[in-house]
Amino acid sequence: MAVAREPLAELAARSSTPSSVIEAEPDGTLRIIAANDAAGELGGAGSGAALEGRTIAEVSPRSIAPLRDALARGARTTVPGVVLEGGRVFDVELIPLSPTRIGLSMHETTREQRARHALELTTRELQDLYDRAPIGYHSIDRHGVFRRINDTELRWLGYTRDEIVGVRRFVDLLTPESREQFERTFDRFIERGETSNLQFDMVRKDGSLLPVLLHATAVYDASGAFVASRSTVLDVTERRRAEEREREVWTQIEHHLELGTEELRAANEGLRAEIAAREQAQAALAQTEVQLRQALKMEAVGRLAGGVAHDFNNMLSVILIFTELALGEMAVDDARRGDLEQVRGAAVRATELTRQLLAFSRQQVLDARPILVDDVIAGLERLLQRLIGEQVGLSTTLGARGTRILADVGQIEQVIVNLAVNARDAMPRGGRLRIETGVVDLDDDYAASHHGVRAGRYVVIAVSDTGVGMSKETLDRAFEPFFTTKEPGKGTGLGLSTVYGIVAQSGGHVWAYSEVGLGTTIKVYLPVVEHDSGAGDARSGLAHARGGSETILLVEDDPLVRAAARRILARSGYLVVEASAPAEALSLASGLARVDALLTDVVMPELTGPELADRLRVSRPDLPVVYMSGYLDVDVVGPRVLEERARFVQKPLTNEALLRAVRDAIDRR
């Protein structure tokens with residue numbers, strides 16, 4: 001069709017980088033109204049007129065998608081890096097001319113793109129050569145502070161880049177003798193511009209020595225002022241060892257010069273064997289030291305975790321006991337009751353944290369109990385909002401109130417936190433996170449079509465996000481351990497696999513649905529527990545825990561815990577005789593006509609709880625014993641706490657747990 005050429009001239013004039021220009025209809029296919037001859041050559045038509053009436057989708061299918069996306073935005077814009085058929089690359093400028101006309105001005109950038117790609121490839125190769133070289137490289141400024149350092153030298157020294165660059169001076173890593181040598185030669189190096197064959201002893205992070213040979217050249221700016229050094233460092237540890245071995249050999253040779261030829265040869269062979277054996281022993285010792293350091297570190301972490309949790313449990317015992325006592329003395333409508341309920345709730349949640357901390361330190365199985373999922377999620381809302389950040393909106397719809405599941409609170413909290421963090425990472429530019437709960441009945445048909453699922457009533461937790469979503473291939477592997485789509489260092493690949501394991505261990509299952517660009521929904525199904533045994537409010541439990549009038553010998557070295565336990569027992573009718581140490585307890589017991597039960601801490605100075613019980617049972621062989629401890633590990637509390645005549649109560653103490661344990665121990669005499 002015949003079209004006037006004036007609009008093309010107008011379009012070329014309005015383009016920022018005119019080259020090939022096309023006038024088209026702004027629809028989804030970009031039907032060409034007119035084009036200059038340069039555009040015709042690009043499209044393989046030979047002339048612009050030959051393109052008229054055809055669409056961009058027909059002429060260049062590879063380019064239509066990015067152009068259509070840019071066209072949808074409506075404003076004048078440039079689409080960089082559009083690849084045409086044949087592999088040529090163009091920047092395409094879209095220029096709105098009228099509601100029915102759009103201009104396309106194309107400027108070829110193939111050469112620039114290839115040059116940029118080649119430069120990036122060369123830069124990466126040079127950086128890789130720099131970091132992976134078998135020798136160390138670094139650069140220091142006028143003050144001797146590190147500006148750059150390669151991975152090889154960092155590995156030798158045992159430091160990270162953040163611990164070196166811009167932080168430490170080269171002299172900070174030298175022995176005093178080498179530091180003096182460096183300070184004597186540094187100014188002369190700056191004047192001369194180079195130095196070589198300088199031997200220094202560097203100090204690794206672990207305190208061991210690294211003998212090196214240094215070569216350096218100076219870098220100056222346009223005014224001739226020193227800017228930095230370019231230094232190469234050779235590890236001469238083996239050379240120095242060889243020199244020392246050589247000196248030892250020559251010493252031995254001189255010592256044996258008077259020996260005959262055969263004797264000398266035998267002596268040399270023995271010396272070589274001795275040197276080889278010494279080297280093997282040193283290598284084995286080094287390996288043993290590495291393993292020992294790792295074992296000691298893990299043991300220290302475990303001991304620290306267990307010790308902190310034990311002390312924290314003592315404090316929580318006092319908080320829980322006195323809070324429950326205060327609640328028991330308050331009227332139902334007392335205005336202060338709500339504040340104390342908050343204190344007790346916080347202490348109970350802290351108790352769950354210490355259980356997990358103790359479990360980590362000893363790798364124990366956590367306790368399952370009937371819990372309300374809605375209460376768990378409500379208690380996590382503030383934490384979740386902090387975890388996901390301000391860019392992500394959080395909403396919860398809790399519809400499973402009053403329905404309990406049998407699970408570990410800490411594990412369920414971990415499931416929800418893991419799902420929330422996973423959703424947050426899928427929304428790097430923000431979005432919405434929705435958590436919903438409800439109760440569903442899964443019938444036999446559903447169970448038959450879902451492997452491992454049993455029919456029954458379930459609490460369902462649905463976590464939905466508006467993130468990037470997952471492809472089917474990714475979704476199929478989402479729950480595999482160590483599978484992750486995140487960049488190295490951004491994730492372990494254990495978040496969803498941990499969710500899967502916890503839910504499966506709790507008798508439930510996980511279902512996931514996702515669409516790329518729309519988001520993801522993960523549903524967790526956990527079976528409902530019909531009976532509420534062992535769950536519920538601590539105050540209601542107190543009513544069922546009977547007291548008595550017997551005499552209880554209470555032994556606890558923590559005065560606050562001792563006072564709290566004494567008040568619980570005395571308030572329930574018991575006669576309490578208290579001692580702060582095993583020796584005091586033995587003295588008090590010798591003057592008592594009767595002791596109906598011993599309530600004692602396990603870990604104390606002088607004697608342990610089981611040792612104290614043994615002493616008292618010499619004269620009272622049927623004495624019931626109740627042990628108290630914040631530790632879970634049998635290696636710490638001892639196997640004796642599990643013997644038939646003893647009861648064990650876990651700190652932090654609660655009124656119900658303590659009274660039940662004491663009553664049970666006495667009644668089972």
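Each residue, glycine too, has its Cβ placed from N, Cα and C.
Automated prediction, rather than curation, is the source of TrEMBL annotations.
The region 'Disordered' annotation in TrEMBL covers 1-23.
The domain 'PAS' feature in TrEMBL is assigned to 122-193.
Per TrEMBL, domain 'PAC' is recorded for 196-248. This prediction places the mean pLDDT of the domain 'PAC' (196-248) at 88.
The coiled coil feature in TrEMBL is assigned to 261-298.
Residues or ranges marked as domain 'Histidine kinase' in TrEMBL: 307-530.
Residue counts for the domain 'Response regulatory' (551-666) under DSSP, helix first, then strand, then coil, are 50 helix, 25 strand, 41 coil. Per TrEMBL, domain 'Response regulatory' is recorded for 551-666.
Spatially close to D601 (4-aspartylphosphate) yet at least six residues away along the chain are V555, E556, D557, D558, V561, G609, Y627, M628, S629, judged by Cβ distances under 8 angstroms. The 4-aspartylphosphate annotation in TrEMBL covers D601.
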Out of 122-193, 196-248, 551-666, which stretch has the largest tally of CB pairs under 8 angstroms to the domain 'Histidine kinase' (307-530)?
551-666
Counting by DSSP, what is the helix, strand and coil composition of the domain 'PAC' (196-248)?
12 helix, 30 strand, 11 coil
